[in-house]
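Down below is the structure, laid out as structure tokens.
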Amino acid sequence: MKKRVVKLRELVPAVAALAVAVLIQSATGSSGGSGHTPTTQATHADDHDLTTHNGTEEHDDGHDDGHDDLHAHAPKVIVFISGSCLFGAISRSLFKKLPIPYTVVLLILGAILGVVASNVPLVEEHTRDVAHMDPHVLLQIFLPVLIFESAFAMDVHTFMRSFSQVCILALFGLVVASVLTAVLAMNLFNYNWNFSEAMMFGAIMSATDPVAVVALLKDLGASKQLGTIIEGESLLNDGCAIVIFNVFMKMVFFPQLTSTVGQNVLYFLQVAVAGPLWGYAVAKVTVFFLSHIFNDALVEITITLAATYLTYYIGDIWLEVSGVLAVVVLGLIVNAEKTSISPEVEVFLHRFWEMLAYLANTLIFMMVGVVVTQKALVAVDKMDWFYLIILYLAITIIRGMVISLFSPILSRIGYGLTWRNAVIMTWGGLRGAVGLALALVVENLAGNDVIGSKFLFHTAGIVVLTLVINATTIQTLLRILGMSDISIPKRLAMAGAVRRIHEGQNRTLNMLKSDRFLADADWDIATAACEISDPYSALSDDENAPADELTLGERKSVCPGCKAMVPNEPSPREFADMMEEARLRMLKAEKISYWKQFEHGMLAREALRLLVQHAEVAADEKDQFILVDDLKKSWQIKGIYPWLKRKLEDLISEKKIAAIPMPKYKLGKLMYKICHHMAFEVTINIAIVLNIVPIIMEFVVQDKMASVSTMAAPGSTVSSEPSSLQKIEDALRISNYVFFVIYAIEAIVKILGLGRHYIVSHWNKFDAFILVVALVDIIIAETLLKGSITINLSSIKVVKLFRLLRGLRMLRLTKALIPKLILVVNGKINNQLSLGYDVGKGYIIGEEEVGKIIDRMVDNKKILRELKHISETGRLQVVKELGLLQREHPGIAVSVKTRQAIRTILNHSRETIHELQGAGLLDEMEAHKLELTVEIKMKRLMNAPSSIPPPPPENLLKNVSWLAGDMKLIDFIKARASLLHFDYGEVIVREGDESDGLFLIVSGLVKLYGKSAFLDHDNPPVTAGSEENEVFEDYLTVGNVIGEMGVLTKKPRNATVTCETTVQVYFITAEDMNIAIDTFTLYPSLEYRLWRVVAIRIATPLIMEQMAFQGWTQEKVKLHLERGYLVDLAESHFQFNIDATLEDVILINGTAYNAHTREEIRSPCLISRTVHKLTFQYTATEEPRLFVVRNAEYNGPILDGRLDVDSKRSLISITEISSNMCLKHAAELRQKNSKVMLSRKSSGAAAKEEEDCIPNTSDVEQAAGVSPSVPTKTTPKPKSFLPSLGLSMSKERVNGEAVEESPVKTKQGEETPETEEGAAPRVNV
């Protein structure tokens, strides 16, 4: 995957550059070949109009240069594109530290290139096609890229919150600014422009492009809301400016197409409203396709690129709506639903569009620089320069007037508007590429220098002046207004981060100094080269700020009485600022956690969107956090689905057969059996289906007969057709009688069989109604046939009505479909519940992740306690709600948990593939095939069912970690477990009580609380930095085990467990657990498994507190600990050496001592790396337990008590002979031992056969050249987990039977008892 990532990163700029090059080459070729391409709305009417004025001459030139010599000029265009990109890269690199935007440098370079091209024919050949390129094509190539990239990178939540402000500025503000600019141009300039021409100029001048200002605001950490308003206004007013420009351009250059004022207003509304609708439709289609593609970067990037250009072209050319506004909506919708993009692809997608936007800006400003020097400066006089300066001042004043005009409204909606923000918005209204492109359009269409060249000159001048003056001074203005000041909490956070970086550097330096290869390095130079300074340290010298306010550490004062240093409490304002900063950082950390869960496949797309939305809404409100009440709405089912489900269930709700008593008389009993028989129901349904045909034919025949009788002339001979129709009508009437008899028989059978219960069913009521209708229909038909009633229009309508009502019997067929409809509705409800459960689970994990780092967010203890309380309270509330949800809908919880388990396994599988490929054990092709297999399964997981039936309670025992895989042990526990019931509020266990057994929750929800940080269950709510006497709470649900630690240590309960609902549990007494521990001693023994489960549970929070594991998820930490094992301390005489092969050493139980310093270490504790040897004191009440994790690179044998006797003897034998035997013979001996062990395990041989088959220790020692050991007597030692050479053992029970022991020589010459093969003594706890 890493190699694939590198390839994609290399591919992004190459594809982007190639795309731009192809577009520009095709554009220059087409513009040169066909003059001007009519692509805007204003040019749709008449292509001939575009060839007026100087258009014909350019057409001729373009024809000569385009068609006849296209292939000769194409490489020159590519040279220009490549050279422009090179100049852009050099300018961006060289002028990065200067306050001048690099686009200004490119514009100047383009102008210089244009001047050189005017005097040097060789250079002019490479710029000719660019200088004469159609400006419409320029817009269509670059504008979609610039618009989509800006919208796609915007904060959607902030934009939507400020949308009303943006619309006012982009619509009404643009119109006012355009009118004022037009009035200024008409009265200031001596160009004799009319109002239409001046409005066209005003629209161009009002199109803003504040890219440089927005980037600067982000770099300075200024208000995100302000930057979003400025950028959002630019996006929308570009589209509105183009629409206004097209309206007045049509009035200027195409007067024959001039419309009335009302038509122009309608046209503006049509374009401005229909454009976003078109963009919304395309965005939904794009999101749909993206959501069905999994981890394919090329396809997803291509879809967004194609959607962008198709949206702009189709909307702008075919639909005649605003393509700009359509692309804006497209970018915003795709951005808002970016969860439809694969997490692995999202980064590359952003980089791709950033690269395209960079190339587009680079080429636009280079091209405009060339065009301006060759076209705009031709007819410029001194007065034009004066006009330019006045115009620059005027448009700045006009923008300030517009913002001031609408400020009463802007300050009361959205995020509001302060006077400081208004000043920045006024000064930050830069002009850019859109205005230049529109000016080129005017220059291309105008036939006189008064319009075309002046438009281009003034537009280019305003662009340069705003970029050079406004963009370079905006930072100074921010500093003057105090908007660039870094708050005290931010400085404190930065200082804390730098301090932690220094601590990490010091640890790394100390570690490297002990490296034998780096021992002679110059550490002074290394330390100086790695020095990281605080970026905000220079700001602390601000003369306006008090010295104590800028102190990054804790401020203290001297007590006048005792002269002691007393910490100062922050002022209310400081406390509020620190609390607000901590709140925002906490919400940001929660959002990061949500995104991480989504990237790992642990959170659904819609769940991520909801959680991020809740976090962003909370961030907008002061002192607000994510509310549990808002989260509860995700899994609360409301609306039409519950109502529809109830109605459908009411339609099919009938009394059960057992609930309807059988009649006592014989005929009634027979009818009862008939009406409840499946064949009876099927027969009636078949009759209903067959009855549909005559009902339809009756309508057809009746209409046919009516038409024939109407067409027949009086006294004329009628053909034989009516007689045939009459026969058909008679047959249909007879069939109606037959079906009526069938339905009547059905009603009689049900009435006789059900009695008074017949009328209870809604369907029986419906059948009775239809039966009455059919009877009335027959009576009316017979009456008409006999002529008792005069046939007229009214009678015919009555007959048709009754026949139509008779056809309603077909609705009864839907009775069979109602269960299917209920399943569909249940599926929708389950999807909503699954989404809600996913939201709650994601929130819980987010709070747990934040809890690990919250101590490093805040230095103030009061704020820290408050944030912890808020986080833990919200987590517990959601845990409780999800427990109640699981009780009501267990299948939902099972489905979500199953999906998470599957994705975790697949993630680990993919990481393993990457590790194997990185180590060279897999080729790229092999790794790709394996990874493709994993990703196919990941994609299938996206369509997993939202509900899975929960397993039976017996299966919960199989899922207990220390029971999994051992069927004999499971049967043993199942036989001795008792199922207990507890009501709401009952106490299952109480803190301080003696441990009497284990509890496995089968159903319901319990609350657990206690003062110990390591509560006795599977999910200890450990919070980093918790106080010693703090009370911990948590909720447990199905599958959790309570009481393992108490059974092992025989200590009193350390927590109280109460029922939050009615609860069912499996209870295994402590006596039965002791019997099981004594009985099941084969590898791996039950006691070892129990201790290992407890060890991993205790070690997980200890490991996650360490700095090196801060970026790890809980699953990854547990996976890391799975490589660990419990050390058999009895074998090593309660001493343990810590060498370089050990990565983590955790004291789980008891007390240890540092052998060198005699420092006491109490459990639970992660042993420091500075400790190299531990000693332990064995006591009968508290036996020490040590859990170690070896390095991943360690490949040696692990004698940890997990191996059975055969494995240990084999490993010890191999270890002893490894230095005295060649590889061949050592391998032969190891193979022989392996075969013997396999045969012993399969046959279950006795101990005597074991001595005959397994090589004797003395034989091994003789083969290795070691003298046999002499047996000696020694005092018994504490018992170990499993028997092995050199261990002290006593009389044991194997599978419930006592085994006599015989002395065995130990390696140290000590005598120890021997047990039967595979037996393990229990550990005294």
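The backbone N, Cα and C atoms fix where each Cβ goes, and this holds for glycine too.
Different topological domain names are assigned in Swiss-Prot to Tyr415 and Val450, which places them on opposite sides of the membrane. Record note: among 224-249, 1082-1107, 224-249 is the stretch given as transmembrane segment by Swiss-Prot. Around Gly1043 (3',5'-cyclic AMP binding site), a 10 Å sphere centred on its CB holds 24 further CB atoms from the protein chains shown. Each residue contributes its Cα atom, and for Glu1044 (3',5'-cyclic GMP binding site) and Arg1053 (3',5'-cyclic AMP binding site) these two points are 10 Å apart. Using a 10 Å radius centred on the Cβ of Asn1054 (3',5'-cyclic AMP binding site) and all shown protein chains, the other Cβ atoms total 19. In the three-state DSSP reading, Gly1046 (3',5'-cyclic AMP binding site) counts as helix.
Between the region 'Interacts with the S4 segment of voltage sensor domain' (575-620) and the stretches 383-481, 860-919, 968-1068, the greatest number of Cβ pairs separated by less than 8 Å involves 860-919. Per-residue confidence over the topological domain 'Cytoplasmic' (337-343) averages 87 (mean pLDDT, predicted model). Remote same-chain partners of the topological domain 'Cytoplasmic' (153-162), defined as residues 6 or more beyond its termini with a Cβ less than 8 Å from a stretch Cβ, comprise 224-225, 228-229, 231-232, 235, 331-332, 335-336, 350, 353-354, 414-415, 613, 616-617, 620. Listed by sequence, the residues of this chain that lie at least six past the ends of the topological domain 'Cytoplasmic' (293-296) yet keep a Cβ under 8 A from its Cβ atoms are 303, 342, 344-345, 935, 938-939, 942. When secondary structure is read from DSSP and collapsed to three states, Arg1053 (3',5'-cyclic AMP binding site) falls in the coil class.
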